[in-house]
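Chemist: Got a structure for you, questions after.
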Amino acid sequence: MPEAADAVKPEGEAEEKTAEDDEVLPEGEEEAHQSQEITGLFLQHPETTVAVTGTDIVFTAKVDSTTLSRKPTIKWLKGKWLDLGSKAGKHMQFKETFDRATKIYTWDMKIIKVVPGDAGAYRCEVTSKDKCDSSAFDISVEAVNVEEEHDIMAAFKRTDAGEDEGSLDFSALLKATKKKKKPVVDEEKADVWEILKNAQPSEYEKIAFEYGITDLRGLLKRLKKMKTVEPKHSDAFLKRMESAYSVDKGKKIVLEVEVVDPNAQVKWLKNGQEIKSSAKYIIESVGNIRTLTINRCSLADDAAYECVIGEEKSFTEVFVKEPPVTITKLLDDYHVVVGERVEFEVEVSVEGAHVNWMFEDQELSRDSHKYRFKKDGMKHMLIIQEASLDDIGMYWCFTNGGRTKGELDVEEKELEVLQNIADLTVKAEDQAMFKCEVSDEKVTGKWLKDGVEVLPSSRIKLTHIGRIHRLTIDEVKPEDAGDYTFIPDGYALSLSAKLNFLEIKIDYVPRQDPPKIHLDTTGNMVSKNTIIVVAGNKLRLDVEISGEPPPTVVWAKGDTAITALEGRVRTENRKDLSCFVIEGAEREDEGNYSITVTNPAGEDKANLFVKIVDVPDCPENVKCTSVGEDCATMVWEPPKFDGGVPVTGYLMERKKKGSTRWTKLNFDVFEGVTYEAKRMIEGVLYEMRVYAVNGIGMSQPSLNSKPFMPIAATSEPLGLKVHDVTDTTCTLKWLAPEKIGAGGLDGYVIEYCKEGELPKIRLPRYLRQKYLRRVGDKINLTIPFQGKPRPKVQWYKDGEELDVRVASIRNSEVDSILFIRSAERSHSGKYELVLQIENMEARAILEIRIVETPGPPEVVKVTDVWGFNAALEWKPPKDDGNCEITGYTIQKADKKTNEWFTIYDHNRRTNCTASDLIMGNEYMFRVFSENLVGKSEDFCLSKDTAIIPKIGLEYNPPPFKEKDMQSAPKFIQPLLDRSVVAGYSTAISCAVRGFPKPKIRWLRNKIPLDENPRFLMQNNQGVLTLNIRKPSQYDGGKFTCKAINPLGEDVVECTLLVRGMDGGKGGGGRVGVEYRDGEMD
């Protein structure tokens, strides 16, 4: 842990051992550990050892892998977390062997020339897939029992550096030690310059550090100028200034001289410049005394000062000491892996202070490209962008008032084996290929055969593509058999496998077998002779062939033979095997294929059909057929080619014209080819495009539709009237429409008809789509129509005649008005207006939907909790508010604070995952539903909670002893004597405490006031008040308040004097009644 190196521990406190490596086993566990039975994965455990300094020790662990499905891996650890694999070198070596006969793995850890730093608790962990076992052991180190000559330098040699053991290590001197505090002696503040004058030059640096002087070079220059001169007799000065003064930064200093002539005028100089009186420099003259006061000294006041009278001068120097810069926030230790960023941060007491950084015993230069130094106010940071193994060690930060340290430990990245090498058994002239896959594609390595490195040749090829390493041996020979090992560079890891050579001796008997095709009908064949391939993928069809002598193979597509041995479409022939390969299948590759094998004994043939499936083409002819105030209806044609798989639906997107940001309109696949897009802005140009989706994937987007604009129709013109009529003309006048809309007004269409005109309803455009209104809104719809003679108007709702109690209807010659004062959800439905003139009629249907906020969701439950996440599910609300649910709002709260925070807004699905939960907290969740109107008023609370457990931490609270709060009553504020005027209400009060709550009784002249209505008694949290309503001169006396509980009682008293109304005026007497003890009313 980081610590300030200057810290001094209290006297008598024992020094604590902080090394994590020296863990002590509980009593009785050490013996049980040494004699434990072989259980779990270990056949042999490492044993606890006592070693002598300078000797070598070896620890061995064995594991039986017969029951394991994967090769076991092992870790050697020291203490709780230090992985010794990164410490491999001259001091510590690791070895792994495998016995193929017994399937036993053996691991050895060898420590060469044991040093005292190797002592401590160790642990050996072995893992294999889902199995794990651990074995602990200890190392104790004893000194060599030989008397050696005492060598003081040996105390500074490294004891835990391994191969760097010989170099000196002075880091022990940096550790804080516990010293007894010396008794503090009250001494007068010493004069630094007097001490420097009497000190030896070798002690100057020590004295400067002790008194906080940082400019050592300036100190030596000024000290050299100061000469010991016998004071000369002066005609102007009776008393001169001292040769030098020292003052702390921010303090005040007074320079004083005594002159001979009290009327003499003096001048004060600073570095030869005259000083003028100001708020900082105060010049005073009192009698023969002349003083210069410098307030709030800074480093700029560190100078030479003179007091001048005529030709005579009194000279002195002022030295300003900077206060030491202390460290307020210490460095932290870091444990990272190679390549990670490290940022050491320290905070000091003075903003802008200078600090020095050191790594081990080397000061870090600010010109280095490896380190970055950053300063932010009182914070100072040392940044290492990419940590390496060379950066392991102790980092120090120094100021002139303290220091702190932090340790950096860097581990190598673990290399994970994704595919191990498998043993091979091959025949002569066959090909052998060893293949392995590791997690890092940049890792290189080498191949070994029986411990000798394998070099590439014309027959042996070594390849490294991405994370895969291959060793390929063509035309295997008997001498190729052996153990092959792949060793990644830079990692203590090896992968081994064995190559077995199978030698087959055949007695040749000439014979002839007819050829036979062994076609595998499993795998990607959907039927006996059909193969489905996704476009862009590779098709490799391996067909086994038999026959003697070896038959000739011919592949053909239709009637065209395929003879290419290289290229995208090719054939590969081996003994007893023929391969047909298509790299990156295309639609043109679909068709009927055949394979024909022939030899002198006969012929065989098989037919195949290769079907290429792909994503569909994009939809066509996307266009807008109609628009509304905030909606538009889009239609399109299905794609010409469905990719060989039926189209399951479509996804739509829209954007504003000129914008590049597309917005999804649906998240679930839409199956139709007509879609109504909603929630658009009137008067804005939009474009739309459509994707087609099938079982393979999603098509390219269609061409953008022509721009369209959601727009509402203008309202009808107002005040139409006939202005003038002639024999052949008629002049009309009207007012502009009340509502024009975003599309503007292009003009008017004027129609006329002869008497007896057919009925026609001119339904406004905004009523041609669904008309939405909230519950409680007023609905007033005016629908114009025409027809002569005046048509008969009839309204229907959902096929039945409209009840006048549901809505009010007012008809005129040119329009019909539907009015609902306060809309309710029962008013939703399809309304039909019917105009009838004799046997002619016109109909118009409008749909009205009354909506409101939805109800809460149902059955919110926590389905899963893992890590710092929780999965939630719920059901849609029963009441959707008469419109589509547009989303859900999810909130969380921990049971400690019960404060709710929103984690998702407008979540469309009925499930979500809550992330970034805090370990150790228990969370509740609630969900609101939303529709076009807004969020539901109520919420649904989850029935169960999500508990994020603390991993590896267990808190055992100390036993709680409940404090006894019972106490006898005691008045903490007494009653005070009062004098009041008769006829004016007054109150007296006091305060009492006690538990259980005491019972209060008020008395006047020892008579209880319980039933007296003129006295009102109140008790507010122990504050007792007695209100007296309009007291008379006879209501005075001695008032007593008594508090009683089972533990005791307490009493407090006061005297109330009631004066007459004229008691304060001249000539009037003071009237009152005062009751003494024993007197009654």
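Keep in mind that glycine also has a Cβ here, set from the backbone N, Cα and C atoms.
Note: TrEMBL annotation is automatic and uncurated.
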Chemist: Match it up for me: which of 1-35, 456-490 does TrEMBL list as region 'Disordered'?
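Modeler: Among 1-35, 456-490, the range TrEMBL annotates as region 'Disordered' is 1-35.
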Chemist: May I have the DSSP-based helix, strand and coil counts for the residues of the domain 'Ig-like' (413-485)?
Modeler: 3 helix, 37 strand, 33 coil
Chemist: I'm a bit unsure how to read this: which one of 413-485, 515-609, 759-831, 856-951 has the highest number of Cβ pairs shorter than 8 Å with the domain 'Fibronectin type-III' (618-717)?
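Modeler: Comparing 413-485, 515-609, 759-831, 856-951: 759-831 has the most Cβ pairs near the domain 'Fibronectin type-III' (618-717).
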Chemist: In this predicted model, what is the average pLDDT of the domain 'Fibronectin type-III' (618-717)?
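Modeler: That stretch averages a pLDDT of 90.
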